[in-house]
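Undergrad: My questions all concern the structure below.
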Amino acid sequence: MTATKLHKKVILVGDGAVGSSYAFALVNQGIAQELGIIEIPQLFEKAVGDALDLSHALPFTSPKKIYAAKYEDCADADLVVITAGAPQKPGETRLDLVGKNLAINKSIVTQVVESGFNGIFLVAANPVDVLTYSTWKFSGFPKERVIGSGTSLDSARFRQALAEKLNVDARSVHAYIMGEHGDSEFAVWSHANIAGVNLEEFLKDKENVQEAELVELFEGVRDAAYTIINKKGATYYGIAVALARITKAILDDENAVLPLSVFQEGQYGVNNIFIGQPAIVGAHGIVRPVNIPLNDAEQQKMKASADELQAIIDEAWKNPEFQEASKN
């Protein structure tokens with residue numbers, strides 16, 4: 001996609017709670033000029049209904065073509081966003097979803113590529129780091145054009161939690177969660193800052209904030225999805241807005257730095273997997289990863305998180321079906 005292209009087209013695969021919330025966010029924010037929504041045949045009418053419902057919001061936002069799409073509509077899309085997958089149930093981890101969602105992912109990616117699609121994949125289905133890897137393997141696309149939502153939502157949760165604790169605007173909090181989007185993720189405390197002031201320095205004026213509270217704060221961030229799932233069944237608003245932000249960065253060629261699921265080529269001593277870290281993203285996908293220097297404890301957590309993902313991938317790829325479908 002060229003940065004000067006005026007008509008920008010997004011295809012969404014999966015019109016469940018996350019997908020439909022993402023579509024609503026795109027309409028609300030006036031992102032893209034065309035949005036096609038793909039669903040499985042038995043849910044095609046839901047996609048038709050959502051497209052019609054969303055189109056009624058356009059007089060309040062900006063013009064956009066919205067419709068229930070087929071896989072052949074991916075051919076000239078700039079971005080294909082994959083939210084389709086088996087939902088995470090109460091008591092399930094994201095990694096419990098691997099077997100079910102790898103098969104779904106293979107079917108989706110194969111059909112998208114067969115359409116002649118030559119844009120960028122953005123993956124949000126869980127476990128997102130594993131499914132970003134499988135999208136890369138099944139598509140044969142360059143690693144720069146396969147992106148996972150990674151720790152974008154986790155980092156937003158972290159910033160919001162710190163903002164509430166410190167009574168500042170979350171937009172002035174700069175802090176990252178890295179690693180797996182899941183149980184082995186970790187907070188990069190060493191680089192957290194408030195408007196450029198290191199968090200440790202900022203806290204000197206906040207004597208009532210104890211270290212134990214910060215540990216508890218992170219645990220709340222890490223476990224936020226479980227909390228929400230137990231209370232309302234699923235998470236979708238936060239990730240939908242995170243996906244809209246990533247979409248805008250790609251379509252508008254922003255070269256924005258966002259925490260995404262990014263291919264590893266030796267950074268942090270990790271290779272050949274996708275995992276959450278900051279990266280520059282624009283019209284051609286990942287421009288380059290931003291390798292934040294980690295302290296020893298953080299580096300160990302990154303390696304442990306990567307090892308966990310690698311073990312899951314190694315086990316999954318014992319399946320001959322996935323081996324045969326791999327193009328990378």
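Note that Cβ sites are derived from N, Cα and C of the backbone, with glycine treated the same way.
Annotated NAD(+) binding site per Swiss-Prot: VAL18, GLU39, LYS46, TYR71, GLY85, ALA86, SER107, ALA124, ALA125, ASN126, SER149, in sequence order. Taken from Swiss-Prot, the feature substrate binding site covers GLN88, ARG94, ASN126, PRO127, VAL128, ASP129, ASP154, SER155, ALA156, ARG157, THR235. According to Swiss-Prot, the beta-D-fructose 1,6-bisphosphate binding site annotation covers ARG159, HIS174, on the basis of sequence analysis. Taken from Swiss-Prot, the feature active site, proton acceptor applies to HIS181, supported by sequence analysis. Annotation source Swiss-Prot lists phosphotyrosine at TYR226.
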Undergrad: At the Cα level, what's the spacing in Å between VAL128 (substrate binding site) and HIS181 (active site, proton acceptor), rounded?
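TA: Approximately 7 Å lies between the Cα of VAL128 (substrate binding site) and that of HIS181 (active site, proton acceptor).
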Undergrad: Given the recorded positions ALA156, HIS174, HIS181, TYR226, THR235, state which is nearest to LYS46 (NAD(+) binding site) when distance is taken between Cα atoms.
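TA: Comparing Cα positions, the candidate nearest LYS46 (NAD(+) binding site) turns out to be THR235.
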Undergrad: In terms of DSSP three-state secondary structure, what is the assignment for HIS174 (beta-D-fructose 1,6-bisphosphate binding site)?
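TA: DSSP call for HIS174 (beta-D-fructose 1,6-bisphosphate binding site): strand.
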Undergrad: If I take the Cα of ALA125 (NAD(+) binding site) as reference, which of the binding-site residues ARG159, HIS174, THR235 has the closest Cα?
TA: THR235
Undergrad: Would you count the other CB atoms within 10 A of the CB of VAL18 (NAD(+) binding site), including those on all shown protein chains?
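TA: Result for VAL18 (NAD(+) binding site): 27 other Cβ atoms within 10 Å.
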Undergrad: With a 10 Å radius around each C-beta, find which of these binding-site residues (GLN88, SER107, ASN126, SER149, THR235) has the fewest other C-beta atoms nearby.
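TA: If we count Cβ atoms within 10 Å for the binding-site residues GLN88, SER107, ASN126, SER149, THR235, the smallest count is at SER107.
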Undergrad: For TYR226 (phosphotyrosine), write down the residues of its own chain that are at least 6 apart in sequence and whose Cβ falls under 8 Å from its Cβ; none is a fine answer.
TA: PRO90
Undergrad: Looking at the binding-site residues VAL18, SER107, ARG159, HIS174, whose Cα is closest in space to that of GLN88 (substrate binding site)?
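TA: Nearest in space to GLN88 (substrate binding site), counting only the binding-site residues, is VAL18.
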Undergrad: Could you check which of the binding-site residues (SER107, SER149, ALA156, ARG159) sits closest to HIS181 (active site, proton acceptor), going Cα to Cα?
TA: SER149
